[in-house]
Amino acid sequence: MKKVEEYKADPYLATVLNCALWVFYGLPIVHPDSLLVITINVTGLAIELFYLSVFFYFSPTPRKVKVGMWLIGEMVFVGIVATCTLLLFHTHNQRSTFVGIICVIFISIMYIAPLTIMRKVIKTKSVKYMPFSLSLANFLNGVIWVIYALIKFDLFILIGNGLGTISGAVQLILYACYYKTTPKDDEEEENLSKANSQLQLSGNEEQAKRASA
């Protein structure tokens, strides 16, 4: 049976909010000449929503409700940011500064979100719930955007993705440290089977003792 087990939606929810804010930041009414920022983050938003739809489908009902509420909250928040930006600020510099600061805050949250998974990796000495491909992608994404920010002299992109580079590097270090101690699926199934057999054997012995008594 397919299920999400102990995987968490936190990184995906954080990335959805982050991508939505950066799409708004890149719009001509906020920060002109940022087409690359828009296209990349629209693509990222679509991918993360697909991930969340899969996660949502295979999650138990309480977790579905939680994910749904978070998504609604994020949409409302982005709407509030957009409204405040357009009504309170009237120049590109003011708008890009206001939205840029918010983007830096939330891209930091996006890169901090995997801390819940990293803590689990350290606690269990297993990288089962921290896919290598995702960790590598986070690191490379941060590095590429840092280079872009240096070329474009965009401080907001530089700060946020500098943190992303550090976060991705830490994840890769943890992966290298705990990869060998991660039990394989076959080993886990074997251990579970042994535990069930021992439990059944203990139950049979207890029944035998009661019968003889």
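Placement of Cβ uses the backbone N, Cα and C atoms for every residue, glycine included.
Automatic, uncurated: that is what TrEMBL annotation is.
If you check TrEMBL, you get these features:
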TRANSMEM  12-30  transmembrane segment
TRANSMEM  36-58  transmembrane segment
TRANSMEM  70-91  transmembrane segment
TRANSMEM  97-117  transmembrane segment
TRANSMEM  129-151  transmembrane segment
TRANSMEM  157-178  transmembrane segment
REGION    188-213  region 'Disordered'
COMPBIAS  193-205  compositional bias 'Polar residues'
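Taking every listed stretch (12-30, 36-58, 70-91, 97-117, 129-151) in turn, the largest tally of C-beta pairs under 8 A with the transmembrane segment (157-178) is reached by 129-151. When Cβ-Cβ distances below 8 Å are used as the criterion, the transmembrane segment (97-117) is approached by residues 8, 10-11, 13-15, 17-18, 21-22, 24-25, 30-31, 81, 84-85, 88-89, 129-130, 135, 138, 142, 155-156, 159-161, 163-164, 166-168, 171 of the same chain, each at least six residues removed from its ends. Nonlocal intrachain contacts for the transmembrane segment (12-30), taken as residues 6+ away from its ends with a CB within less than 8 angstroms of a stretch CB, comprise 36-38, 41-42, 44-45, 48-49, 51-52, 55, 67, 70-71, 74-75, 77-78, 81-82, 85-86, 92, 95-96, 99-100, 102-103, 106-107, 109-110, 113, 156.
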